[in-house]
Structures are given as structure tokens and as C-alpha cells.
Amino acid sequence: MTGTPLLKVRDLSVGLETGGGIRPIISGIGFDLAPREILGIIGASGAGKTVLSRALVNWIDPPLKVTSGSVIYKSQNILDLPAQKLRTLRREIAYVGANPAGALDPTLPVGQQIVEKLRAIAPEVPHDEARKRVIDLLGAVRIPSPQMRYHEYPSQFSGGMMQRALIVDALVSNPAFLVADNVTQPLDVTVAAQVLRLMRELTTRFDTAIVFISSSLPLVSDAADQILVLAEGRVVERQVTKALVATPQHPYTRELISQIPKIWTSEAVAIDPPAQSREPIISILDATRSYRVRKRGTFASYSTVRAVRNVTFDVFPGENFGIVGESGCGKSTLMRLLSRLERPDSGHVLCDGQDIARLSGKGLLKFRRDFQLVLQDPFNSLPPRTAIGAIIEEPLKTHGIARGEQLRDRVLSVMHEVGLPGALYDELPLGLSAGQRQRVNVARAMVLEPKVLIMDETLSSLDQTEQFKLLKLFEQLQVQHGLTYVYISHDLAMVRRVCNRVAVMYLGEVVEIADNSRLFFDPGHPYTKALLSAVPTLEERRYKPEDCLLEGEPPSPIDLPPGCSFTSRCPNAFGRCHQQSPVLTARGGKDLAACFLVENTLTHAAA
Amino acid sequence: MFVLSFLVRRLAQGALIVFLVTLLIFTLLRVVPGDPVRLMAGGMAPEALIEQIAKDMGLRDPILVQFGRYMGGVVRGDLGQSFVRPASGASTGGSSFGDSTRGERAEVLTLIGETLPMTLQLGGLAILFALVFSFLVGIPGGLAPGRWPDRVAFYISSIFISLPNFWLGIVLAMLLSVQLGWLPAIGYGGFAYTILPAIVLAVELAPVLIRTLTGSVAGVMMEPFIAVGNVRGLSRSRIIVAHALRNASVPLLNLIGIQISGLLGGVLVVEFIFDYPGLGLLTITAVLQRDFPLIQGIAIVTSAIFVFINIAVDLIATMIDPRLEY
Ligand SMILES: Nc1ncnc2c1ncn2[C@@H]1O[C@H](COP(=O)(O)OP(=O)(O)OP(=O)(O)O)[C@@H](O)[C@H]1O
Ligand code: SF4
Ligand SMILES: [Mg+2]
């Protein structure tokens, strides 16, 4: 660290004003930020990272209150500045948050709003020049066709693109430092990797220092020069990134590092491959599902979104089957087909050998009991005014399985099993943490003693530590009840840890199915390789992002062009890929991949 | 391109709506009791004569035939002639009925053409008053949820909503016109005559507008882009004017589209009280006199106006918020 620090934080404390006094949220935070440095801040969920990041830009609103300390920039404490002076400083202090979708006015074009901001903090810039600067920057963060995108509305931007637009919004005034709170959280790994790469470029290109905040250490360690560890509102450790990973000092950091799933260095999962002779418990045969959407600005024409295309695979009893892919690739549609929330347009979904589209009455009820869904969102999925016991009881009542005292006993034993204290039986879900809420969801599913649990991004909203605990729980439940799990997730590190077999989806198709270790060590599809190269990890990377990381995002699933659906992003695409689409091809054993290169190697090997 | 397809689609829908309204009114008028010919010819006219006139006017044909004939006229821009009113103005009394006078009966289109502008002027002024007032009261209320401006907005709208329009009309006429002599009240003799009835209508419209505006402004102020706007360096006044009001105006516009349909009832009452020579007064007399062609004509014109206003409202709303696409 050379020269004088850009930003000095001293003894910063923020408290939460409650009826009975002030509860400290962060206390005694102090650090320096050097020019052009990237300082990473990590900590568990609720450690106070967001509060700290907001305090750095003087954005603490009641009931939160700065109780002591200073944030000194250019020898003035920005926490003391009057609003008017602070506003002129905003051009040098920028902030990007975790919610790109809500950060701009939905009724105005993105470009126009960035210009509005620039002209509000730098009125001397003429309108034409502001506009030109915004378009240049949109190009610089690799938003395709920036001229056109400038005029589009926030809802027309994908999450990744919106996050990049917000980075433009932050950088347009050439700020001295940027606070980025969890910016990659809503993004797919591939897009997150692009944003991260962008952040690193910024420090050199625009001379911007960055405070990069995240709950994922692998992610932060990819970007940051130094890392500050926050636990329960206090700085417990600060080290240069490499040193922190190699020799963590504080017990919290050590625990955190030990819980990060190893991708390349650990053994494959210890799931016994289920006996081959057994019948599949789920079998999807050539299932296809499309939606019709009205074309914008046309009179009566519709286009077809092909959300799931010709998907075929089997899941065997006792398996942990993973389905991975970027957002919009059809994972959730597939989940809805599996749980009969929707039926396929063509093809079949067989569960226990029966076509679930044909089930009705008793058969359907039994299917609903045996195949339970645990959903993504721990915050909206629980009715806020129903006691936890009653929430878990409800499926038992619907299925008419138990009543009276029996009901309560059963619920209490399930609560015990998923690690919820029995005292919560009569509580409302309001005070529960995200992890506890997810446990209630699991209990609600487990109480019916199902055979299969379908987990749609069940763990993605939880932090490392909670995820770790819940995965332990799932393992234990599997041993006790012989469950089969289907994990739908975009988190490859988690999939690596728990799934014995994995299907990779791209634009509605399954492009590869393979056993865990084959998929991670010898992927057959270029897309799988690209996903793997983007996984944040503390280990030596097996696939270099430079070689296989994708640019951009998947094309829209509307009116797909002919040929391999991956052509537009595939680093290996060749002539044939533009005309024909490859089908899933065996590449030894049960592993399949849909790429012409696989066929080539096979024919080469045969020749 | 989008605007064009939108207009084509909505105008086609609107034509269908107007057609259905016409069919409904037409059928209803012919099944409710009360023979218009008897009213026209007077109680003393012999049964045979009534039958004769009814036949001549085509009133004994099947309803569908009558409707076909009527619609044939409508598409040519001919809404028919009033049963009762002579072309000269005042409605004819029943006893003076004579077949020879038919040619001198007033054209429905002319009658509507004379009164509609008066009502549009009244309605427009009422909406203007209501909007200005609800902005003045509702926006401060929405910006300070739970504090005094919010409570003021709440009390004002509660009071307004509990004032019956006929009562308010009479009280205001007594006070402002008879007592103080500030504004003329009864009849029409210039623009000033519109103000008092418009105030009464505005008081009827305002409460819902105030509540919607307070609610939607308060809702928009909780949106993340408002809070972030401050950190991005936008001033508070800019955030409110350029973003909060913009977003809050969409629900308000939709509401106005609906409220205008509800305004009709108020117009009837207010025009009657103030003897304001508009479409409302015309409607009341037409109904009392069983003047079928006039009632039908008014129904077609008013439903067409509603359709147009709602198309306009939706068009403006889509221009403000491009995510809405009707
Ligand atoms: N506006 C607020 N009102 C009440 N409590 C708050 C508020 N903001 C934060 N808190 C509390 O402060 C603590 C720290 O929250 P913070 O959002 O900073 O955590 P975080 O580290 O950002 O977590 P995550 O990783 O989940 O984003 C939490 O206990 C939270 O409940
Ligand atoms: S078929 Fe061609 S475009 Fe498709 S993944 Fe294989 S190499 Fe790439
Ligand atoms: Mg946070």
C-alpha cells in the first residue's frame, strides 16, 4: 500500500434504535482504503455488511443510527456533511447494491436515467456529451449494442445486464471509490464472473478504488487485494487475500474456510450408486413445454417460448440428482413438470412407473404425498400469521393422515428431526432466520414421509454456514428415510458436494448428463466447461476462464435459430453447428453429451 | 407501430362494446312497460289510432327487425328523430299529437349536439378542479405517511365522501349564489354558470382520487429506486417530481378512466338541481317522456365517449409506463 489512504474509517458504529434503547449492529469499525485498491469484506448473513456499506456512503436511515466514528474522505467526515455538500461529493463516491432490478425508475429508459444522474451531480457536462459518455461506458462494460440499449427500459434488461448498467451509473462521474455490496448475488455464475472481471479492470482503467462486499469468500478472493472479515458487527481479521486463505487467524475465518465445498481437491461424493437393476423412480421421456407470448407491438401475432425441449432422463431411488444451468434455461419449468404443477405439451413424466399426467383422485393424492417440493424463497413461502406448528400440520390435515394429539406429536417429532426447537410450535414465523424458515419448509415436506424431495434453489438464499448445516441435515434424513433428492440449482460447488449425477441444461435442453466426477473432471460439453470455469473457488482452477468463459448471456428462448443452441457462445463452434443440432450421445458408460465434438472423438476412437 | 396496433385493437373492441350497449338498451326499452305511443297520442286517443301510429312507426315489428332498421340508420349517422320534441325546441304535449307533425320532430343528433358540449365543459372543469385539489392534498399526504398531512388528506376525503351531492348542490347554491351573490347558479348564461355545478361534481370525485394518490405516492416512495436516487446524487425535489409522481400517476390515470363512467350519475343529479342545460337534463326528460330514439341516441354517444376516454387513458398510461401493454 503506497501513498496516503483515500478513505479513512475510524471507530465507526451503527446501532438500531428500538423502544428500549440502541442495539449495536456494527461497532468500532476502522480501516483505510488506498487509491486503486480493491478491499474485500466478507461475513455471514446478518454480520452487518450491508449496514457498513451504507454507512460508508452516508446512507443510514432510521431506525438505524450512526452512534460514533467517522468516515473521512478528503479530510472531511462525510457522515457530518450537510445534505447539499454531500450531494456534490456524490460524484466521487459511488454505490452499487444487490438489487439491480429495483434500482432504477421502471418507467424511464436506462440511458436517460444515467444521464439524469450525471447531470444532477455534474451540471457542467452538456447533455450531448453526457449521453455520449454513457453510451461509451455501456459499451465498455460489454453491453451489446449500447446505442440501442440506451433507449431501453429497465424491464428489458436481464439481471446481469442491469447490474452492468448500474456499474456504468456508478462510474459515469469518474468516482474516486465505489462501494459494491453483494453485486453478484442475483447473478448466474457465468455473469458474476464477467462482472467480477469488469471490477478488476475498472481499478486500472478508471483509477477507482473498490470496497467489494460479499458473503462468499471464494468470490471476494477472486477480486480483492486485501480482505476484511466481519463477524457480528466487528472486524475480526484483516489480511492480504492469499495470506488470509492460507493462514486464517480468527476462529470464524477458519470455520468459514473449512466449510467451503472443495471442488477439485476433494473426493467425489460418498453416495453409493444405487443398484442398477432397480426401476427408475422418476423418468422423463422426451418432455417438451412451450408458452405462447404476445409479440410486443404487433397486432395479433404470438411467438413461442420453448422453455423445455425434448428432455429425457431417469432418476433412480436413493439418488441425489442435480439439475444445473443459468437462469432462464428451463430449470423451474422442468420442476413444474416434475411436480405436475404443469403438464408437458408432448412427452411423458413417469413417477413410480405411472404417467403423472393421467393420475387423478387417490392416485394423484398419493403422488402428491410421495413427491414433495421445497421452494427457493424462504421469505414469501410461509404465511406470516400462521403459527409454525400449524404450518407444518397443514399437509397432514389436507391428506387426512392424522388428527388430534397424534397430529401434534408427529409435527413435534418432525420439527425435532429438522432441528427446530419444539418451543417454536406456537410461534409465528416472523422472527425466524432464513435458515430456520427453510427448515420449516423442509419439515412441511417431510411430515408426509415422501419418497422424493425436489429442491428448487432451496439453499441459494442461505449463507455458507447455514447451507452447510442444512446439507448435513439432508444427508441425515436420506440415511434415515431412504429419500431421493432432485436438486435444482445454479450453484455448482454445492452440486459437486451432494449430487451423484448431474444434468446440465441450456436453453431448455439437457446438453449433458454425467456422474459427478466425470462431469467435473472430464466434461463432454463446452457449456459445462464454461460453467465450471466460472465457479468461484479458493482452489487452483482446473479450467481457465480465459479459455472457456462465455461472453454475454444466453440468447432468448423465443424463435430459436436452427443448429446447436449453444453456437452463439461456443468457443469451439464450427460449420456444422450452424445447420444441425446435436443430440445426446453416449460417451462411454451412462454419460451423455449433446455436442458434435463428442461424436467426433467417438468416431476417431472407433477408427 | 405499437400505437397503431393498439388503436386498431381497442377501437374494434370499443365498437363492439357500443354495439352491445345499444342492443341492450334497445331491447330493454321495448320490454319495459309503458307504451310510448300512448304517451305521445295522449290518454284520450282511441286504441285503433294508437295501433295505427305504432304500426306506421314500425313499433309492432319484431325487436330484431326494429333493431336492424335502427342500426342501419346509425351507421349512416342518422340517430332518428325524437318521438316527442318538435324541431323548434320545447317538447310537445301528448294531446297535440297529430301525424302530420312528424316531419317537424327534432333530430336526435341535433338535440345531443346542442347539449353535449355543455356537459363536456362541466365534466372537464369538474375533473380539473378535482385533480388540482387532490394533488394539493394528496401528494403531501403521500410524502408524509402517518403524519399530519396524511391525516388531513384522510379527513378531507372522509368528509367529502359523506356529503350527498344533491344536498351539497343546494347548500352551495344557497350560500355562494343566493347569500353572497358570488356565482350564478340556476340555468346557463355564460361560463360562470358552470363553476358551481363543477365544484359539486369535483367534491364527489376528489375523495377517491385523494386516497389513491396518497396511497400510490406513499407506495412509490418506498420503492428502492427512490432511496437509491438519493445516494446516486439526485435531489429530493427531482426524485419526487421526475420519478415518484411519474410512477404514482399511472394508478391515478386508470382510476380516472373508471371514475368518469361513474361521473354520469353525478351529472344527472347536478344538472337537474342547477337546471343546467346539458346531456344529463336531456336524459332525464327523455326518460320521463319515454322518448326511445333520444334515450338510445344518448346511450350510444355516452358509451362511445367512455370508450374513447378509456382508450386515451390507457394510451397515456402506456406512454408513461411502457411495461403496461393493453
Ligand atoms: N433497517 C433496519 N431495521 C432493523 N434492523 C436492521 C436494519 N438493517 C439491518 N438491520 C439488522 O442489522 C443486522 C445486520 O444486517 P445487514 O443487512 O448489514 O447484514 P448483512 O451482513 O448485509 O447480511 P446479508 O449477507 O444477508 O446481506 C441484522 O441483524 C439486521 O436484522
Ligand atoms: S455442437 Fe458445436 S456449437 Fe454446439 S456445443 Fe458442440 S461445438 Fe459448440
Ligand atoms: Mg447485505
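Using the three backbone atoms N, Cα and C, a Cβ is placed for every residue, glycine included.
What TrEMBL says about a protein is an automatic prediction, not a curated fact.
TrEMBL lists B:116-317 with the feature domain 'ABC transmembrane type-1'.
Look at TrEMBL and you will find B:12-32 (among others) tagged as transmembrane segment.
According to TrEMBL, the feature transmembrane segment maps to B:122-140 (among others).
According to TrEMBL, the transmembrane segment annotation covers B:152-175 (among others).
Summarising the annotation, TrEMBL assigns transmembrane segment to B:182-203 (among others).
TrEMBL lists B:209-231 (among others) with the feature transmembrane segment. Under 8 Å from some Cβ of the transmembrane segment (B:209-231) lie the Cβ atoms of residues 130-131, 133-135, 137-139, 141-143, 145, 150, 153-154, 156-157, 160, 238-239, 243-245, 247-248, 250-252, 255-256, 259, all in the same chain and six or more residues away from its ends.
Remote same-chain partners of the transmembrane segment (B:252-274), defined as residues 6 or more beyond its termini with a Cβ less than 8 Å from a stretch Cβ, comprise 119, 122-123, 126-127, 165-166, 169-170, 173, 185-187, 193, 196-197, 200-201, 204-205, 208-209, 212-213, 216, 280-281, 283-284, 302, 306, 309-310, 313-314, 316-317, 320. Summarising the annotation, TrEMBL assigns transmembrane segment to B:252-274 (among others).
Taken from TrEMBL, the feature transmembrane segment covers B:294-317 (among others).
Under the criterion of 3 or more C-beta pairs below 8 Å, with sequence separation of 6 or more, the transmembrane segment (B:182-203) and the transmembrane segment (B:152-175) qualify as touching. Sequence-distant neighbours of the transmembrane segment (B:294-317) (same chain, 6+ residues past either end, Cβ-Cβ under 8 Å): 3, 6-7, 10-11, 14, 17-18, 21-22, 25-26, 29, 70, 74, 79-80, 82-85, 108-109, 111-112, 116, 250, 253-254, 256-257, 260-261, 264, 279, 282-283, 286-287, 324, 326.
Outside the transmembrane segment (B:122-140), and at least 6 residues removed from its termini, the chain residues within Cβ reach (under 8 Å) are 149, 152-153, 156-157, 194-195, 197-199, 201-202, 205-206, 209-214, 217, 245, 256, 260, 263, 267, 270-271, 276, 278.
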